[in-house]
Each structure stands twice: as structure tokens, then as C-alpha cells.
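Annotated in TrEMBL:
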- 20-29: compositional bias 'Low complexity' (COMPBIAS)
- 30-42: compositional bias 'Polar residues' (COMPBIAS)
- 145-160: compositional bias 'Low complexity' (COMPBIAS)
- 60-144: domain 'RRM' (DOMAIN)
- 166-242: domain 'RRM' (DOMAIN)
- 320-394: domain 'RRM' (DOMAIN)
- 437-511: domain 'RRM' (DOMAIN)
- 20-44: region 'Disordered' (REGION)
- 138-160: region 'Disordered' (REGION)
Amino acid sequence: MDGISDVAVGVKRGSDELLSSNLYNSPNSGMSSISDGTSNGSDSKKLRVEERVGDAPPSRVLHIRKLPSEVTETEIIALGLPFGKVTNILTLKGKNQAFLELSTEEAAITMVNYYSAVTPHIRNVPVFIQYSNHKELKTDNANQSGGTPTSGSSDGTVTSPSSPVLRIIIDNMFYPVTLDVLQQIFSKFGTVMKIITFTKNNQFQALLQYNDATSAQQAKVALDGQNIYNACCTLRIDYSKLVNLNVKYNNDKSRDYTRPELPAGDGQPAVDPSVAAAFSKDSNSLLGKIPGALSPLSAAAAAAAAAGRVALSGHSGASGVLLVSNLNEEMVTPQSLFTLFGVYGDVQRVKILYNKKDSALIQMADMNQAQLAMSHLNGQKMYSKIIRVTMSKHQTVQLPRDGLDDQGLTKDFTNSPLHRFKKPGSKNFQNIFPPSATLHLSNIPQDITEDDLRVLFTNSGGTVKAFKFFQDRKMALLQMSTVEEAIQCLIDLHNYNMGDNHHLRVSFSKSTI
């Protein structure tokens, strides 16, 4: 790879097995010194950060170097979003450098390992990523002279997030945007507490409150100027002067997610907090019927799309192949991996490695789906083992040569009828959620009872804690005692034949019962 000696991530390229086993290796080489360029009249007040390239152990704060001079915070954040939540950023434009803080050290390790094999590009310029000596980016201005980087604006000056409340204006609103759509989009960046929607000056507007100002800052940076649908419904985001919203009613115009007992008020449609979210997710919403419209910017889908455009631009080697390691080799099969990873994209091929049967290569339909699966499944438990999911250096998964028996370790799912996303504009794109203890069941025959389903899922090796039919009884929510049990049930029972050619469909739900 050109310029590999400059890459300060220190994880050697090689086999995918080496990439996986070196997950906790630290980087090594050179030294750089950076400053944010702010001064209060003396050198002692200048924020100066010494980063010894290669000596730093893994940290959730990453040091990014050789950025193009015109880079935006949105483009830098997009590098990290596929790997986990980005909790802070400091850009040092004078030095073409930045610090990016992720929510966990594990997310940062995964990001460093991936970009050691696939050099990230921003605006066709290769950038270099390493661990920082610092364990967090502090937003306290008092720390400015203490040697710890603080979060700042794009010109390097220190700023604190203004408010946990955002004011949102929707420009070019050719299609309806609902309160639930806003909640789905903005919840990627933190816990959404309250939303109020209204029309002012003939424009649809909203006030949205997070549980902290940092989440609001991150959402503003990532989403301001983005379109919810193709070429329309543009988000214009600014901080509100308010620091707390007073919501009186829970209905289709306002919602307080911390107070589900609030009345609907003034004849507005009542909202049952435990069921409304599930119905808005699983019903045939207007969003799924709009020709040519994108599905809402759901959690990691927005992140993966952004990273696909920004982080990998100019790099022709990017592929949609994942390396999954630490599998239970006694239990795992290509079919079980196809079913689980198929929740997040259309799996094309699966190969369990012949000489390392606790590892597998999974080829998704594209890079976005691969990043989506990685962000949701890395660190989850499958067959009692915590699996690790990283990007592979391979471009495709090779099928065995004709006549070669590989003991069924490789399987081609290209033409599988079970792909969830093969139909353009499928509403399944709106229903992508992280693994959860609550499962959404659909295509249930009319003669199947709650007891039938409880017995079926209990026999899969878990405890059913709660169950709720939807009104038409063709769908239901079922809650297992743990996420691991729910994952096992989804693998075992998705596409299960319930009789009369009714194949049960199982997916993860964002709702609780």
C-alpha cells in the first residue's frame, strides 16, 4: 500500500486471521507535535499536545493526521460512525490534524484495525489514524493549559456545546416528515428525551431535546444539511436558546419519552408508548410507499452511507467482506451466519475457514451493509461466545473449485429467496435495529396461539418473559430474558415453517413489552 510507512496504526497487513488476533496491538513509529493555535497572551495558555506516534496504548481517543485543509467536522466524524458512537471531536486546522473520541475503547480498536488495512481517504487525500496518548477529550475550558485536548470548533478555538435542545427546520418538504421519523434519525447520536413539532412561517419545524448537550452537538455536526429523502426534506439544524422543553401531551405533534403517562390532549390521537413505536415501525407507513424515496436515515445506515461516501472514496480496494472470529466452531454453520448477518444486509457467500474453524468470511451485497452488520454485531454473543467482526482485506469470498469437497464450510447464498433487502425501497430498510431481547414476529397463521409461540421459542433454549399480539394477530412482540437468547431464537426460528406454507419472520425490535 502506498505510504504504508507513514501509517501510524501499527497493525501489520497480512492474513485476516492476523488482523483478528492483533485486535489489541498498539501502534509504533515516529513523533509529531500539534497545537490548536489559540493563545490568551502567553505560551502557558496555549493548548499544546505531544503525541508520540506508536507508544500510545489503545485509547478511545484517536489522533488523525494529514487531513485536507478544507475538511469539515462532518467528514471526520463519518470516519468513526460505522464503528460506534462518536462522542467528541477536536479539529486543529492549522496543523491539518484532529482528535476523534469514540464511546468505547473497543470501537476505537476496531476502527484502527480496519483502517490499517484500508487507508481512509477524505476528498481523495489519504489520512492517517493512530491512538492518542489521551483517554478522553475534555470540554472544560479550565483544562486548556493542562495539556489535555479539549473539544473545539473547526478553527481550533475551545467551545462547549451550546444546548441539549436543537431547533430543526425541514426545507423542500415534498414528503411528510413525522415525529417518529425525527426520533429514528436523531436517536443515533444519543438519547432523545422530548420532541415538539409545529409549523411556523409555512415551514415544518421541531424542537428536539437530548439528555446532554454533547449528543446535540454531534447530531448537529453530522446531520445539518443532510436530506431525509432523495433531493428533498433537507435538515437545517441550529441550537435552541431553550435548555429544557415542557411537553404537556403525548400525541403525533409532541412527545415526552421520559413521561409515558402524559395525556393525548385536545382530541389528538393517543399514543401508547410501549406499542406505538412497534406499530410505527412495523406497519405499512407512508414512508415505505413513496416512489423513489429513501428510507429514513436510520441509526447505523446513515453512518455507513456517510462513511461509504467519505472514508472510502478514492480507494478501489474497499469491499463488502467481513471477517468474523471467536466463533463457537462446534455450533456455527454457514446457514446460522447467513441468518444472523442477513438481518443487516443480503449475505452473498459465507466461508468458515478450513484451518481456523472459529473464523469465517462473510460477503455482503455492498460495503454499507457490511459496515452496518459490523457496527451492530461486533461484541454480541453467539452460541455462548462473544464474536469479533472486522472488515476483511479480501474482495470476495471464493467458492471451492469444482470437485473439491470443503466439508460444507462454504456456501453461496447469492440467489437465496430469504434476502430481506432484495426489493428496492423495501420497508425492511426502515426496520434495522441492534440485537435486543425483544423480537418482532410476523406472518403468523391465524390458528397459532400465544401458547404455541411461547412453547416454540422456549424450546429454542431460552425463557419467554413477555408476549403481545398486534391487533390483527399476524404480528407479535416476544421478549426473551437476554439478548443472547433472542439471537439464538432468531437464528433457529426465522423462516420456520408454521404449517400451510406460513414461514415465520423474525427480526429484532426497538420496542419493549
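Heads up, residue numbers simply count up from 1 along the chain you see.
The backbone N, Cα and C atoms fix where each Cβ goes, and this holds for glycine too.
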Which residue counts does DSSP yield for the domain 'RRM' (320-394) in the helix, strand and coil classes, in that order?
19 helix, 24 strand, 32 coil
Could you tell me the mean pLDDT the prediction assigns to the domain 'RRM' (437-511)?
93
Within the domain 'RRM' (437-511), how many residues are helix, strand or coil going by DSSP?
20 helix, 22 strand, 33 coil
Contact call for the domain 'RRM' (166-242) against the domain 'RRM' (60-144), three or more Cβ pairs under 8 Å:
yes
Using DSSP, how many residues in the domain 'RRM' (166-242) fall into helix, strand and coil?
22 helix, 34 strand, 21 coil
